[in-house]
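Chemist: Below is one structure. I have some questions about it.
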Amino acid sequence: MNALEFTGLTKRFGDKLAVDGVDLRVPAGSFYGVVGPNGAGKTTTLTMGVGLLRPTSGGSRVFGVDVWERREEAMELLGVLPDSMSVPERLTGRELLRYIGRLRGLDRRVVAERSEELLDVLGLAGDERTLVVDYSTGMRKKILLATALLHGPRVLVLDEPFEAVDPVSGATIRGILNDFVAGGGSVVLSSHVMALVENLCDRVAIVHAGRVVADGTLDEVRADGSLEDRFIDLVGAERVAVRTLSWLGER
Amino acid sequence: MKTTILGLKGRILTHGPNEERGFALCVGLVLAGGVIWLARSPLVHPDWVLAALAGWGLMWIIGPLTQAGAHGGVLRTEWFRLLPARPREVARAWLPSEFAGVGPLVTLIALAAIVVYAAPAGGLAVAVAVVAVAGQLAVLVLLSKTMVLLIGGVMRTRFGVEVAAFQMSLMLAIAFAGWIPFAAPVVPGPGQRGAPFDLLALAKSGLPAGVVDVLTWSPVGWGMGAARAAVAGDLGGAAVFLALLVVLAVALAALWRVLMVRRLSLPPSRPVAATGGGREPYLASILGRSPVGAVAARELITWRRDPARALELRHGLLTPALMGVIAGLSGWTWALPSVGALIAMFAAMASVNLYALDGTALWQTLLTPRAIRADVRGRQLAWGLLFAVPALVWTVVSLPLTGAWWAGPVAVGAAVAGLGVGAGMIVLLGVTMPAVGMDARHRTELGQRAGDPSGQQMLLWIAVGAACAAPSLLLLLVGGDPSSWLHQLVASALIAAAGVWLPGRIAIVRLTRGGDEFLLALRSGPATAAQKARDAWRKALTQARAKTS
């Protein structure tokens with residue numbers, strides 16, 4: 001059974017084809033990495049896949065449940081951390097979790113206990129009076145991860161979850177995600193840090209110019225070399241040709 | 001560097017967005033034309049020119065307060081911090097650019113009224129008037145820019161929000177109810193007649209001597225003071241006023257430079273939201289048990305902590321209250337019960353852009369099962385607690401206080417129906433006509449672009465105003481009695497229930513079916529929205545041309 005399945009996802013903004021027929025199958029219990037250069041279409045693909053952006057064509061299913069046809073059912077299964085979006089900004093971290101918990105109709109005591117644990121583990125418990133609007137980028141990623149985890153989803157879709165997160169918190173998040181997968185959960189995350197994806201994920205897709213140019217298990221995709229070598233091969237070697245500035249260094 | 005900074009400002013101004021500036025220019029030109037007309041008209045006493053110019057000057061002082069300081073200007077100090085030039089040099093080069101813009105331009109045209117006033121008195125008076133115009137312009141612009149630097153820090157605080165809210169509410173109240181003190185002596189109450197009103201005599205007679213003295217000797221009146229002295233042949237007096245203008249302008253320029261150097265020397269920092277998290281309001285804590293209650297609780301907290309909303313909350317309540325004060329002081333105490341209905345209208349106007357203000361936070365509502373209904377109804381519930389409760393309490397309490405029991409049924413009916421329709425329309429217009437500005441996560445303080453919903457506010461003004469009149473009209477139509485408590489309560493309750501439910505239902509359906517498109521519009525931000533509008537306009541033009549050819 002696939003935890004998440006994108007079929008022919010395509011998105012056109014005016015004349016620009018941002019995502020071009022992406023097919024992706026995330027088996028249940030896998031840790032799936034989506035890598036690609038800036039502007040490759042990773043965020044647009046994931047945003048369509050979770051039902052926040054209507055695709056020009058194609059579809060998306062969570063455990064076989066169509067995210068557009070049976071929206072509410074799909075949402076029960078998903079936990080999402082989007083990139084560059086607001087939350088109710090004038091709440092503190094704890095208030096945000098309490099709000100999301102109550103909005104989902106979770107039991108008050110359960111929300112209180114989980115919030116306490118999430119804030120503590122993610123290192124946000126010391127910022128009781130700080131509003132989310134005043135959070136740093138890293139703190140924002142962590143509180144968004146907490147809101148994605150709060151209701152105990154079966155699939156996590158995380159857009160750049162490690163961006164601007166400090167190394168200690170990064171290790172904590174890796175631990176949480178590994179435990180989640182070990183417990184039967186499935187994770188899809190996007191990143192452009194190859195080493196991170198290579199360390200964490202068992203399956204990888206490389207996205208370039210709106211298309212999936214390689215996907216499969218980590219070993220299948222990277223073949224004999226490193227993921228970074230394979231990525232550079234597929235995305236275009238000319239990008240890394242070393243160029244220098246003629247005037248820099250002249251005195 | 002002077003020309004570079006001036007050129008930079010000119011380039012930014014021409015790149016736009018210029019909708020607001022264009023509007024300000026048009027309004028400014030009309031008003032400036034009005035002041036010049038006052039100076040030319042033989043029917044108007046020169047005191048009124050003095051009063052008009054003093055009012056104009058006052059706007060320069062109030063301006064920085066209402067704009068809430070923060071990052072008001074076109075140029076930002078942080079752009080110049082890393083230049084290999086001392087702050088003192090940057091400040092010196094910056095000063096001329098403060099005189100470039102719509103404000104100084106229309107002020108210069110308005111001040112030309114001084115020259116128009118002095119013209120019949122001959123060349124010397126005109127020469128004095130020209131110097132007076134230059135001096136007065138310099139004083140007004142420098143006074144305003146110095147205030148911006150002085151209060152910039154204050155406006156980021158809670159106190160700043162209160163000051164800005166009161167100023168703006170007072171101006172709005174005067175704009176809407178400023179006519180009452182003039183009308184009250186003519187019509188002291190419904191059906192009563194007072195003294196006749198003679199505008200012409202008022203225009204010819206001028207102002208009381210005390211008022212003229214205060215205006216002439218305040219810095220906003222020195223320019224006109226110099227011209228009046230010159231016209232009267234008192235060149236010594238004219239010289240004193242001109243000297244005062246020059247001395248104050250030089251002093252203000254020096255103070256501005258000191259403050260600017262200090263601002264340029266400060267390390268850059270991201271502003272922090274003015275209102276930190278504290279205890280959850282009691283009401284929010286007891287509300288938040290159901291999903292609707294959770295949203296209402298979130299809303300109550302956000303109304304308190306988001307400076308843009310805190311400002312709107314105060315406008316929505318203070319403006320009608322101040323209009324009531326103006327009416328009461330003018331002797332129209334019988335009008336006080338209608339303030340409840342006014343609160344419905346102003347509160348709806350203040351709350352029309354909530355979805356755009358919260359921006360992309362909508363994603364969480366879209367991805368949470370059954371949350372869309374909770375979001376719409378929760379917003380309505382919080383709005384009702386914040387605005388409907390005070391509006392109804394005011395209406396009911398004002399009846400025994402004013403003794404205007406006869407107005408009770410109509411006033412209560414108008415308030416109930418207006419509040420109901422207001423609670424519905426804010427969510428409906430919020431999701432169908434958002435004025436998208438800076439996204440919520442980037443708005444830490446007042447004065448940052450939060451979207452301009454003026455058009456939607458006009459629409460709401462009409463819709464809620466009509467709703468206030470609806471119970472009485474409906475009763476007349478079906479043969480009921482508008483002065484009956486029972487009839488008014490039944491009619492207004494029905495209208496209010498439909499007003500809350502139906503637009504709310506449409507908003508829920510719209511978010512359920514097109515929430516993703518709405519989110520995309522909120523993500524695109526104001527620049528793209530304007531771009532889309534321009535593209536659509538161009539496309540329509542091209543199609544029209546193709547059809548005609």
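Any Cβ shown, glycine's included, is placed from N, Cα and C.
Features from TrEMBL:
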TRANSMEM  B:21-39  transmembrane segment
TRANSMEM  B:51-74  transmembrane segment
TRANSMEM  B:95-118  transmembrane segment
TRANSMEM  B:124-143  transmembrane segment
TRANSMEM  B:163-184  transmembrane segment
TRANSMEM  B:238-260  transmembrane segment
TRANSMEM  B:317-335  transmembrane segment
TRANSMEM  B:341-363  transmembrane segment
TRANSMEM  B:383-406  transmembrane segment
TRANSMEM  B:412-437  transmembrane segment
TRANSMEM  B:458-479  transmembrane segment
TRANSMEM  B:485-504  transmembrane segment
Chemist: The transmembrane segment (B:317-335) and the transmembrane segment (B:383-406): do they have three or more Cβ pairs under 8 Å, with pairs 6 or more apart in sequence?
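Modeler: Result for the transmembrane segment (B:383-406) with the transmembrane segment (B:317-335) is yes.
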Chemist: In the same chain, who gets a Cβ under 8 Å from the transmembrane segment (B:95-118) while lying at least 6 residues past its ends?
Modeler: 2, 5-6, 8-10, 13, 21, 24-25, 28-29, 31-33, 35-36, 38-40, 46, 49, 52-53, 56, 60, 63, 74-75, 125-126, 128-130, 132-133, 136-137, 140-142, 144-145, 223-224, 227-228, 230-231, 253, 256-257
Chemist: With an 8 Å cut-off on Cβ pairs and a sequence gap of 6 or more, do the transmembrane segment (B:317-335) and the transmembrane segment (B:163-184) reach 3 or more such pairs?
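Modeler: Judged by the Cβ rule, the two regions touch, with the required three close pairs present.
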Chemist: Using a Cβ-Cβ cut-off of under 8 Å, list the residues of the same chain that are 6+ residues beyond the ends of the transmembrane segment (B:458-479) and lie near it.
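Modeler: Hits for the transmembrane segment (B:458-479): 341, 344-345, 348-349, 352, 410, 413-418, 420-422, 425-426, 429, 433, 487-488, 491-492, 495, 499.
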